[in-house]
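Participant: Quick one: the structure is below, questions incoming.
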Amino acid sequence: MRTHYCGDLRSEHIDQTVTLYGWVDRRRDHGGVIFIDLRDRTGIVQIVSDPQRTPDSYNDADASRSEYVVKIVGKVSARQEGAKNPKLPTGEVEIYADTIEILNGVHKQLPILVSSSADGDQVKEDLRLKYRYLDLRRETMAKNLQLRHTVVKSMRRFLEDDENFMEVETPILTRSTPEGARDYLVPSRVNPGDWYALPQSPQLFKQLLMVAGCDRYYQIARCFRDEDLRADRQPEFTQLDMEMSFMSFDEIIDLNERLICRIFQDAQGIELERPFPRITYAESMEKYGCDRPDTRFGLELVNVSDIVADMGFKVFSGAVKSGGQVKVLPIPNGNDAISNVRIKPGGDLFNAAVEMGAKGLAFIRVREDGAIDTIGAIKDNLSDAQKQELLSRTGAEAGTLLLFGAGATDIVNKSLDRVRQLVGAEMGLINENQLNFVWVTDFPMFEYNSDEKRLEALHHPFTAPNPEDLEDLATARALAYDIVLNGIEIGGGSLRIYQREVQEKVFQTIGLSETEAQEKFGFLLEAFEYGTPPHGGIAYGLDRLVMLMAQEDSIRDVIAFPKTQQASCLLTDAPAGVDQKQLKELFVASTAPEKD
């Protein structure tokens, strides 16, 4: 029976006899003495097989190779002074093997090098995903899975032991509802022609749990969305889902800050300062051009629409007159850091802005003598008074580069936000070890969907409006809050609607007829007739949170068996075709074109 894990052995275990199981990470033969680095999910420890000292272990030690599965029984010994390895937590000890038993070997050439000395990160991701069971043996991936486990354990302990939450499972097979991304649909065999949907979130069920009196609910919930994938998206993902009755806006935020602080303390020994800063949606869009600001660095946007509104340069004045904006991204020392080539057509910053919908980037460079360099059309139409006001408002000093966005407000914001991120990273303004949390509040209830020519809920249609704005729901602020870490949203929630008449008004505002609302959400509306308590909640993207904590670039590196950006599993070759008999039982016929 195993007595210890490899990575747990320390000086206090010296002279103890231990039984270990694991994989051979490396094997080295030094003049007849064989050294094996034995690896399990906790780390590596050095095994010594000396034919003079422990002859019974030598033959199997000699026969072992990388990734062989072995059992080791031996005595923990102190390494000699010159042989200690400060890079390993177990580096002060080694195990002299009394017996080594090979439990299984490797019968094919390894498609991925697993050893801690190999640079596994350089292996193509497709190969890593195809042989994920080997990829997960690597030290980095094993640590990521352990971190994820520790985070979830911390969440559970805080919510259950400290805050009296109940963990309740909600259905995976439910009904399709409007709003949000496309659903994954499941045909019903026993109800031909009817379909289930896999849940995009447990939203409605957790609100019904509040009606039921389960006043503090949480769940580590699996969720599904059939949408185009990015680096931080998966078709199936995991949330920490929470809902609470009888708590105010500020009380919910306070509880969640304490939760986040506990997670970072338990998982990484990091003490966070609270309360976290708060910023309104309007302020975030104005200063950062987005609703998920990265506050680790400055470079805040400055609105100069009023200064250039009457300017002869039509790109600026025309944008303002058509209802748009002109904003500036001031970059101190930008003259030296950023050449004209990069902000003119074909340059990387120019292209980044264009990808976000902008037509280009106008610029002004402030010289050492206070004069400006820019294109003639700006210089010829900028009065001295406008120039001075522009430099004063942006705080521009000698050496500052001013980059302008002009046009529709959303395009100006998106393009300058993108350029700001690129410049901040390139100029070394971002401390990768810094953790900047910020709450974004006072979101609009609705945004306009130009394709469908209607309002739609910015978050979801169950978010409570600010009581001060009930007279005009179309322009109301929501009692919503997003928590952002280093420019990435890790969670979001709101106080909920709990009165039928308010919920019906919201449905009307987003264009749902009374019949449609009753058909799709009648069960919720009826529940609101039976004494529904005030409530609110939040959901965290567990994958994104762990990705940030592990300082990985993709959530695929913190998920055991992720899908590719084409929503496929290279390990199991899913999705795949099914037998026609199965389709017939489900009364489903495929209209997809035949594969080549």
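Using the three backbone atoms N, Cα and C, a Cβ is placed for every residue, glycine included.
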Participant: Which candidate from Glu167, Glu169, Glu489 does Swiss-Prot annotate alongside Arg225, Asp226, Glu227, Gln234, Gly541, Leu542, Asp543, Arg544 at the ATP binding site?
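Facilitator: Of the residues offered, the record points to Glu489.
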Participant: Nearest to His459 (L-aspartate binding site) in three-dimensional space, by Cα, is which of the recorded positions His30, Gly82, Glu489, Leu542, Arg544?
Facilitator: Glu489
Participant: Whole-number Å only: compute the distance from the Cα of Glu227 (ATP binding site) to the Cα of Arg496 (L-aspartate binding site).
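Facilitator: Cα-Cα, rounded: 26 Å.
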Participant: How does the model score the region 'Aspartate' (203-206) in terms of mean pLDDT?
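Facilitator: Computed over the region 'Aspartate' (203-206), the mean pLDDT is 97 on the 0 to 100 scale.
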Participant: How big is the Cα-to-Cα gap, in Å, between His30 (site 'Important for tRNA non-discrimination') and Arg225 (L-aspartate binding site)?
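Facilitator: Per the Cα atoms, His30 (site 'Important for tRNA non-discrimination') and Arg225 (L-aspartate binding site) stand 55 Å apart.
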Participant: For the recorded positions listed here (His30, Arg225, His459, Arg496), which one has the lowest count of neighbouring CB atoms within 10 Å of its own CB?
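Facilitator: Sparsest of the recorded positions His30, Arg225, His459, Arg496 by Cβ contacts within 10 Å: His30.
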Participant: What is the Cβ neighbour count of Leu542 (ATP binding site) at a 10 Å cut-off, with all protein chains included?
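Facilitator: Other Cβ atoms within 10 Å of Leu542 (ATP binding site): 24.
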Participant: Roughly how many angstrom lie between the C-alpha atoms of Gly82 (site 'Important for tRNA non-discrimination') and Arg544 (ATP binding site)?
Facilitator: 43
